[in-house]
Ligand SMILES: Nc1ncnc2c1ncn2[C@@H]1O[C@H](COP(=O)(O)OP(=O)(O)OP(=O)(O)O)[C@@H](O)[C@H]1O
């Protein structure tokens with residue numbers, strides 16, 4: 001046992017087997033032959049049975065019969081000669097007075113006369129041919145001769161019965177009809193030749209239609225080979241007649257009430273199809289139709305048909321045929337009773353009858369044309385089939401038959417009397433060629449066009465089921481209920497015949513099933529509609545979401561643009577005057593460091609002893625300066641936002657603060673430089689100096705930054721013009737070369753404190769670099785364009801901010817400009833000639849800008865308090881740059897005063913300068 005379960009030892013070598021090379025397959029014959037031979041390696045242990053291909057090939061598959069085109073079957077029925085009686089034939093009027101033709105008294109008298117025996121003009125040769133012999137009078141005139149007409153499918157002699165006619169002519173059609181093939185039988189012939197007799201017959205001697213219906217139900221009872229028991233048969237009968245010769249109309253012979261049918265092209269709508277369940281119902285319907293049909297009494301026929309009558313028997317398929325095991329389709333058996341062609345001489349019709357006769361003859365003519373054209377078409381298909389069928393409603397309705405697409409048969413009824421020779425001869429000559437007409441086996445293709453009548457029952461099926469309306473549901477249910485009732489009745493009848501127990505239960509279940517099915521259809525349609533609406537709503541939601549996203553993106557883009565504009569507005573506003581560019585950046589830089597500097601300044605105040613000393617010394621100096629002036633010095637400190645400072649007392653009171661200290665220092669410096677014994681009313685063109693007393697013209701121009709700058713230049717130039725000596729008025733604006741010179745002179749003359757040249761040089765370097773960068777930025781757009789863009793794009797708050805920044809720029813201009821000019825003054829020291837040239841250039845520029853200012857009146861704008869405070873703070877910071885700047889008066893009179901500075905103050909200044917301009 002252990003050996004059995006012990007694993008086998010692994011082989012020392014492992015063989016990897018590759019797939020063998022592929023070879024082409026041998027042919028079946030070789031394969032079969034090889035398979036037949038026993039393989040040597042198999043040793044008959046597992047023999048694979050050979051594929052029985054020979055057996056399979058030997059099986060004979062029943063080939064479908066080739067569809068041999070059938071010829072048109074034409075039957076001939078000879079009406080028996082009149083039976084003469086001694087009694088006068090009485091013409092009974094029809095029940096309907098409209099069909100009653102007034103009797104001709106003369107003809108009536110002729111008919112009442114006894115006639116001699118009539119000789120027949122047509123004799124039967126065999127079952128397929130006849131001989132037509134003209135009357136003696138015509139033979140003498142040699143106008144006609146004896147003719148033989150042969151090739152008929154069958155010739156019914158005068159003494160044949162209706163059953164013989166049915167058996168020979170209708171039975172094959174019925175067989176095909178029950179197998180699902182449609183067919184048509186039409187009766188042609190002169191008036192009174194026995195067409196209606198052949199088709200309908202009488203109660204005692206029924207025609208082919210009653211016999212056919214009888215056979216249908218008889219076959220259904222006898223055998224199930226035709227699946228008759230599984231089929232429903234419907235009967236519809238209608239007629240086509242002419243109303244006063246104006247047009248063709250169709251009337252339903254089985255309808256209730258108004259029997260007129262709607263005719264559209266070849267479609268007849270509203271035809272009632274009555275299901276026939278038994279022979280009695282069918283015969284009753286036939287009798288009803290016969291009573292409704294329009295007939296009239298003529299000389300040829302006492303009950304002459306005045307219309308074309310069409311009888312349709314439809315077999316509705318209901319499953320699979322037992323014979324063919326294939327889905328059977330609806331079949332239609334159509335029997336047409338045409339109105340007989342009439343000759344006026346024979347009929348003696350007048351008036352309305354004559355009009356009817358014309359319609360009848362016309363229809364017969366069109367029918368014959370269709371058959372002839374079909375024959376010609378089949379002989380030579382290159383010509384094409386002429387569409388004669390369009391000329392009458394009947395031929396339109398029977399189009400498929402008249403085009404050779406469906407099986408059709410004709411029965412020609414003739415009268416055998418000598419006096420009927422012409423009619424018979426004419427008809428036989430016309431109809432004998434029709435025997436060559438062939439019919440193609442294209443039954444299945446033509447099924448859809450077979451029935452061009454729209455039954456009334458189908459109306460309910462056409463109703464829309466889109467809305468769950470109760471009425472529609474009810475109509476559908478009613479329609480289905482009718483159908484079910486019909487089915488139920490038919491099945492009930494069968495059940496009675498086969499004695500099956502209680503079919504009502506199954507009927508009820510079937511009815512409920514149909515009702516629920518239709519209700520489910522309606523609900524399904526409603527759900528479909530809601531689903532579509534839901535999809536539409538979802539699409540709308542998606543589109544709205546997308547639009548919302550787009551709007552958000554747009555808003556973000558606008559925000560970024562606004563931010564960029566805000567940031568650029570600083571530069572753009574400073575670009576109003578190109579020299580103002582560096583000041584903007586310096587201003588921003590100063591703003592950022594404002595808080596830091598403030599804290600630093602406070603720290604210096606608290607910690608540095610020199611700072612305290614400096615403050616005290618400054619107070620003293622200030623007091624001295626104040627005392628030195630006999631009148632209150634109304635000179636304004638050239639700082640920012642100092643317009644409200646008018647007296648030295650206020651300044652002295654503010655000197656405790658570091659910034660006030662700086663301001664006061666500046667004032668002192670200016671006063672030292674100016675040292676005017678008279679009240680100095682020169683205006684310092686600082687920012688927000690509306691309240692500063694100044695010359696009206698200059699003050700008006702100070703509001704606008706550009707004007708302000710220009711005005712400063714003007715002041716400077718005026719100072720040059722007025723004063724023969726260098727103007728030492730302190731105008732802390734831009735382009736004050738003289739001020740810088742004075743400042744420089746002051747620094748040289750009496751200022752003991754070392755001039756902060758290093759600090760100023762560094763400041764100048766920094767701002768020159770800023771000027772370069774910002775001038776590069778400012779070249780992107782013109783100043784006016786930038787201003788306009790800013791005013792248009794920025795909101796109100798941003799505009800206020802921009803205006804504030806404008807003011808700040810102006811102040812910065814006022815601060816920084818002298819520094820730039822300071823560098824120029826250094827160059828002036830080297831060259832006095834270049835100085836004078838520059839002064840001239842500046843004067844010219846000032847004049848040109850003055851002219852521009854006159855053209856553009858500046859607007860006075862009020863600035864918010866926040867901007868005032870901000871500018872003040874910045875001014876206090878920047879004032880250090882202007883420490884050495886001299887103050888001057890516009891009047892040209894100047895007083896210079898040197899400001900001694902201590903070592904501590906100088907150190908403090910350096911510290912402050914370094915901190916402020918890091
Ligand atoms: N084969 C027949 N055997 C006996 N009677 C016949 C036969 N054929 C016709 N008749 C009789 O002849 C009369 C006229 O026949 P029928 O009305 O059928 O002619 P029709 O061709 O229909 O004429 P119309 O075209 O005017 O309607 C009828 O009374 C009918 O009973």
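Backbone N, Cα and C atoms are what each Cβ position is placed from, and that goes for glycine too.
The region 'Disordered' feature in TrEMBL is assigned to 1-47 (among others).
Here TrEMBL flags 26-38 as compositional bias 'Low complexity'.
Taken from TrEMBL, the feature domain 'Kinesin motor' covers 71-437.
What TrEMBL lists as region 'Disordered' is 92-118 (among others).
Per TrEMBL, the feature compositional bias 'Basic and acidic residues' maps to 108-118 (among others).
When Cβ atoms from all protein chains are considered, those within 10 Å of residue 192 (ATP binding site) total 25, not counting its own. According to TrEMBL, the feature ATP binding site maps to 189, 190, 191, 192, 193, 194, 195, 196.
What TrEMBL records for 487-507 (among others) is region 'Disordered'.
According to TrEMBL, the feature compositional bias 'Basic and acidic residues' maps to 490-507 (among others).
Taken from TrEMBL, the feature region 'Disordered' covers 845-865 (among others).
Marked as compositional bias 'Basic residues' by TrEMBL: 850-862.
There are 27 other Cβ atoms within 10 Å of the Cβ belonging to residue 190 (ATP binding site).
DSSP gives residue 190 (ATP binding site) a strand state. Taking all protein chains in view, 24 other C-beta atoms sit within 10 angstroms of the C-beta of residue 194 (ATP binding site). Apart from 189, 190, 191, 192, 193, 194, 195, 196, the ATP site neighbourhood in this chain, defined by C-beta within 8 angstroms of the site C-beta centre, holds 79, 187, 197, 300, 301, 340, 413, 415. Sequence-distant neighbours of residue 189 (ATP binding site) (same chain, 6+ residues apart, CB-CB distance under 8 A): 195, 340, 341, 412, 413, 414, 427.
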